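Asker: Can you keep this structure in mind? I'll have questions shortly.
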């Protein structure tokens, strides 16, 4: 009897349940807004449409900075001083023996006579744009997590990018043009990140993947609009391209100011509970949900639990730097992003060497974005993030190496290999961004995703140089692209799987979730 008495407390203690954790911000927001309604979903997709203007600024130089085709002056090219050098650069020919196929104003190369300036000067505007993206990403990315928030930062970036684009249409020389492209890239650097984070934080967890893929579709629309616009303005000045891509973006930013809402998750994490409650009430009313008084009353306690709502611009970076798990995740996803970005931004710049029709070749690449977005949606819904990124990077690398190995005479085969590689790269690009959103909590999410995008842009900075070197030998462009993306993709294997997991809001919550997953895995093994 004594033994039974002694063991009773132990049995009771063994059966005792662990202390129940308070509901997360994610759970409370779901309870407050109910099911995401059609109007709120449309608002999130409208926010995602900013990616269309982002794509236009990224790839516009494919047409404005292209080297136009030329021909010998005189009927049937019978000029004797031109014929022997018909395949050479026109700068090697005597003046008056050759002419551009189209008016000189259609490209910066022909308008400013840059055909003999060398690849460094010709590629300066494109390199300046990516350098601006890189600088802006490191300097602006934390503002959306700290001082300004998602919506204000997105509006500032869109207006600044558009204003720089309009001014670019009046650039008097290559130096002013390159400087304005730097400013445009600096402002544009945060557009994609803020758009993706804000749109996904405005809807419930059920619709996040759909909204993310909608952003990729909008990016495809922007990319596809460029060859259509360039073809319509093929006889007009290159300056028209900048005006007709920048002016609509200003109108869109004005509409976004009135229609979009700030992320309630960010407001709660920053301790601005009253604004968050008001935003959630508006969302709930549009969704047709009844007000859940209990959930709203718990938001104050939930937001006060976090000690991460300081006001410093670089607080988010300090939060990550003190946690080894966050640094490991960030380093691995950034290396993978670097390789994917090099191929993603470099491939469209090199399509001119694969076919005679620049408009058609670029259209093929833009069209590859559409099935890529569909595949991204399918993979996000049914496959693991980690395995998908590794497999896509390996496939893109193999196809890019095949493109370098195929002889130049087999134009159709080279174009097919390039499209296959770009298709896989586009899908990997989309998945890495979704993966980044899921890997980091709300308090540092925009900063983390922004740094991943900057790693992609850093790959894009190196791409124009490789494309210029690859005009003579494809191994320097498509060969290096294949090796870079194939090697970088392996780093994604070091990351934890995030499919089906709840998005955390604070670093402490992410650590608790990670510890819980680890404990569950150990129990399963035992």
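Each residue, glycine too, has its Cβ placed from N, Cα and C.
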Asker: For which of the residue intervals 73-93, 94-114, 178-198 does TrEMBL record transmembrane segment?
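Answerer: Result: 178-198 is the stretch TrEMBL calls transmembrane segment.
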Asker: With Cβ-Cβ distances below 8 Å as the criterion, list the same-chain residues six or more beyond the ends of the transmembrane segment (475-495) that contact it, or say none.
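Answerer: Those are 328-329, 332-333, 335-340, 342-343, 346-347, 350, 353, 385-386, 389-390, 392-394, 396-401, 403-404, 418, 421, 425, 428, 432, 435, 439, 459, 463, 466-467, 469, in sequence order.
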Asker: With Cβ distances under 8 Å as the criterion, find the stretch in 120-141, 153-172, 241-260, 358-380, 449-469 that has the most pairs with the transmembrane segment (326-346).
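Answerer: Ranked by Cβ pairs under 8 Å, first place goes to 449-469.
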Asker: Are there 3 or more C-beta pairs under 8 Å linking the transmembrane segment (449-469) with the transmembrane segment (210-229), counting only pairs at least 6 apart in sequence?
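Answerer: Counting Cβ pairs under 8 Å, fewer than 3, so no.
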Asker: Take the C-beta pairs under 8 A between the transmembrane segment (387-407) and each of 120-141, 178-198, 241-260, 419-437, 449-469. Which stretch has the highest count?
Answerer: 419-437
Asker: Using a Cβ distance cut-off of under 8 Å, indicate which of 153-172, 178-198, 241-260, 419-437, 449-469 has the most pairs with the transmembrane segment (120-141).
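Answerer: If we count Cβ pairs closer than 8 Å to the transmembrane segment (120-141), 178-198 scores highest.
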